[in-house]
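Asks: Below you'll find the structure I mean.
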């Protein structure tokens, strides 16, 4: 009958389809034309804390005859990769500022994992383990994430004084670094509500809104409001800084002190006047709760609250309250000291 397939032709048509279904049922994937040596990581995000030792896993499923493994870090604010370490399986060489704290784990002959000792704030971010074997290069990407806290920052001159590079420097001076968008988003989910726009590490300008209101971008939905990418040299905003757990501790010294007297009071106790990042880290990780304004190193006066109460700042949520930047000669506050 015209239009009907013969039995041999029908088998030729159906067999490839049948074998495909059979392999899918077994969970087999189609063979790749060339070998893949790097195993996919079980966890793509590695969580750590400042000062800890972090391991970024990179493991070979088989060993190529000749190869190199290249570790690098992607810097989002600068749109470049920074070389960290290169190994041929026998010898390794470190590069750049991270090289002195980075080494290979060498748990076995197929282990190319990177170990970072004494993790710092600037170590957070995205890393790439690249296998170079001269045939087909492969890579896996991992993210090192630090537990921390985001705080908005502006200088004594008032709001919107920083270009991007000044904002970056200001965060570093306060024991922090510019926050990433992911860190700001996490802080927003934890309660950060701030109307002033600030720089982020990627070069964008945003601000988090939990309670939508007319003076804070309108009465739309809550979220992270964005100004988009801005000119890093010309445009001026505040900064959103990120800090993590510190090695030292913060303590309060009561009194009616000027700023210079606050420095002297901390020195007598073998400490220094705390930075803004120190106070936020103590509030976040140590539960510091002190209903007294105290001088900080930048000349601001603040106090940390973990248990809100009516006569202690008046706000319903925990946080670090600010009196702004009083005159340095004003003898009206205690001080927060930081000791390693």
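For all residues, glycine too, the Cβ spot is worked out from N, Cα and C.
Dumping what TrEMBL says about this protein:
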SIGNAL    1-27  signal peptide
DOMAIN    35-145  domain 'Ig-like'
DOMAIN    149-243  domain 'Link'
DISULFID  195-216  disulfide bond
DOMAIN    246-339  domain 'Link'
DISULFID  291-312  disulfide bond
Asks: Starting from the Cβ of residue 312 (disulfide bond), draw a 10 Å sphere and report how many other Cβ atoms land inside it.
Replies: 15
Asks: Identify, in sequence order, the residues in the chain of residue 291 (disulfide bond) that are 6 or more apart from it along the sequence and have a CB within less than 8 Å of its CB; answer 'none' if there are none.
Replies: 303, 305, 309, 311, 312, 313
Asks: Which one of these disulfide-bonded residues, 195, 216, has the sparsest Cβ neighbourhood, judged by other Cβ atoms within 10 angstroms?
Replies: 195
Asks: Mean pLDDT over the domain 'Link' (149-243): what is the value?
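Replies: Mean model confidence (pLDDT) across the domain 'Link' (149-243) is 94.
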